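**Q** Take a look at what Swiss-Prot says about it:
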ACT_SITE  Glu203  active site, proton donor
ACT_SITE  Glu417  active site, nucleophile
BINDING   Gln54, His157, Asn202, Glu203, Tyr346, Glu417, Trp466, Glu473, Trp474, Phe482  beta-D-glucoside binding site
DISULFID  Cys222-Cys230  disulfide bond
CARBOHYD  Asn361  N-linked glycosylation site
CARBOHYD  Asn425  N-linked glycosylation site
Amino acid sequence: MAVAGAMVMSGALLLLHLLAFTCVACNGGSELPPISRRSFPKGFIFGTSSSSYQFEGGAVLGGRGPSIWDTFTHQSPDKITDRSNGDVACDSYHLYKEDVRSMKEMGMDAYRFSISWSRILPSALSGGVNREGISYYNNLINELLSKGVQPFVTLFHWDSPQALEDKYKGFLSPNIINDYKEYAETCFKEFGDRVKHWITFNEPWTFCSMGYASGIMAPGRCSSWEVGKCRVGDSGREPYTACHHQLLAHAETVRLYKEKYQALQKGKIGIILNADWFVPLSQSKSSSDAARRALDFMLGWFMDPLIRGDYPLSMRELVGNRLPEFSKEQSGMVKGAFDFIGLNYYTSSYADNDPPSHGHNNSYNTDAHAKITGSRNGIPIGPQAASFWFHIYPEGICEMLLYVKENYGNPTIYITENGVDEVNNKTMPLEEALKDDTRIEYYHKHLLALLSAMRDGANVKGYFAWSLLDNFEWAEGYTVRFGINFVDYDDGMKRYPKNSARWFKKFLQKSNRDGNKRLKRVAYNAFSN
């Protein structure tokens, strides 16, 4: 077994190097080849994404109970760059019809949004279903369908009810598994006749690493010496516990849906994972090993259990008894528990070996022994976006998709988030704020890279831009803007299409499919040797 494991690892490391030659970006300064809806296979889905806390507002309206993000932003405003919150956000709670009309006008096929758990069940099922919350989502779903837009529904996008956090510390307790399953079943019963794509969890990596290791996002738990300087938490154990319970809740819910609802409702169910790409800092084996470990600790943390029934070997070896174990029954339940995988891709980084130091504190953030950086020899991996963590690297989406294809059996994939931010410059005239040519270039290059991966066999069925609107961007508040539509937070949340929204409208125009093969070939050549 040791020899077999070494051979698998060696093959995976070789793949990291091969992918670097497969996905080569367009040279800067050259004109980008044309691309449109016609470049993609028939039936390929295009849409935009959002989440309840970032978009809805209506925090105390319609019977909604507080979520952990309400508590976090109000009790720890210093952890939000501009000390803001999502009490109003984009006010999609009131303006959803306008937003759906915008999607229709752009020609979007689908809209991925999340349901606020605390708007449906302010506590647990025993506390009763909030019918006003059910009505809001019924209205949204019906409005989407009336305009020909498919709903892709995320059940959990980081905003669990504060009542469950108070009752048993939320995802740190196995009690959350049944409460989550009851919440999901409520949604299947109420909306499943019209919703054909369900997502159980969005980015468990972000929720667990930022919420329980760094402490910079809700519920704001970490060891006292970590960056979040939290009052309570254990950065070496709690991230693994919380995500273990999310995986089990996911698997239980998928089993429930498949056994009880899928045949009748004819929908599909999956999960969304982060998909940053990591490039070895140097040609050394230690850098390649570090890049693989970084992938294991981000993507493999979830893909390995979903495909193989257990955590990656690197995690089991490095984390030891701080990493929960699956029972035989749990392993069998988690393995294969999906119809599709959603991947959110934004950026890539370099990875280098970071040797352990004696007597260091245990933390998820250092367990991979990988030093992550955005530059090599002072040269960034790609242009800097507005956020400090964000470098633009289109090749990464291609490399990640081919890595998933080769390592995880080429599952059905949707790119469920992809986009870039700009600084929210409050002094900039509106006319100038709508000129987001960098975003257009970002989408153009990433869609070309996506086509390249599909040309090489990646099983991708759809693409969702982040995001429809500027919105509350978690720890960064309203200091950055990700939207293809501008939101004027100071003037009634008025929406204005940016140039990127107009670009998407042109990109999505439905016409005859002549030239499809030519466009595919041009796009492929732009990202290959």
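Placed from the backbone N, Cα and C atoms, the Cβ positions cover glycine too.
Owing to the predicted nature of the structure, the values given are computational and were not obtained by experimental measurement.
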**Q** Compute the centroid of the Cβ atoms of Gln54, His157, Asn202, Glu203, Tyr346, Glu417, Trp466, Glu473, Trp474, Phe482, then list the same-chain residues not in that set whose Cβ lies within 8 Å of it, in sequence order, for the beta-D-glucoside site.
**A** Ser49, Ser51, Asn344, Ser467
**Q** Take the Cβ of Cys230 (disulfide bond) and count every other Cβ within 10 Å, whichever protein chain it belongs to.
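**A** Neighbour count, Cβ to Cβ under the 10 Å cut-off: 22.
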**Q** Compare the C-alpha of Asn202 (beta-D-glucoside binding site) with the C-alpha of each of the recorded positions Cys230, Asn361, Glu417, Asn425, and give the closest one.
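**A** Nearest in space to Asn202 (beta-D-glucoside binding site), counting only the recorded positions, is Glu417.
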**Q** Given the recorded positions Glu203, Tyr346, Glu417, Trp466, find the one whose Cα is closest in space to the Cα of Asn425 (N-linked glycosylation site).
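**A** Sorting the recorded positions by distance from Asn425 (N-linked glycosylation site), the top entry is Trp466.
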**Q** What's the CA to CA span in angstrom from Gln54 (beta-D-glucoside binding site) over to Cys222 (disulfide bond)?
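**A** Cα-Cα distance, Gln54 (beta-D-glucoside binding site) to Cys222 (disulfide bond): 23 Å.
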**Q** Quick check: in three-state DSSP terms, what is the residue listed as 'active site, nucleophile'?
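**A** Where the residue listed as 'active site, nucleophile' sits, the three-state DSSP reduction gives strand.
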**Q** Of the residues named as beta-D-glucoside binders, Gln54, His157, Asn202, Glu203, Tyr346, Glu417, Trp466, Glu473, Trp474, Phe482, how far apart in Å are the Cα atoms of the most distant pair?
**A** 18
**Q** I'm trying to understand the geometry here, so how far is the Cα atom of Trp466 (beta-D-glucoside binding site) from the Cα atom of Cys230 (disulfide bond), in Å to the nearest whole number?
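**A** Roughly 30 Å, rounded to the nearest whole number.
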**Q** Taking only the recorded positions Glu203, Cys230, Tyr346, Asn361, Trp474, which one has a CA atom nearest to the CA atom of Glu417 (active site, nucleophile)?
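**A** Spatially nearest to Glu417 (active site, nucleophile) by Cα position is Tyr346.
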**Q** How many Å separate the Cα atoms of the residue listed as 'active site, proton donor' and Asn361 (N-linked glycosylation site)?
**A** 26
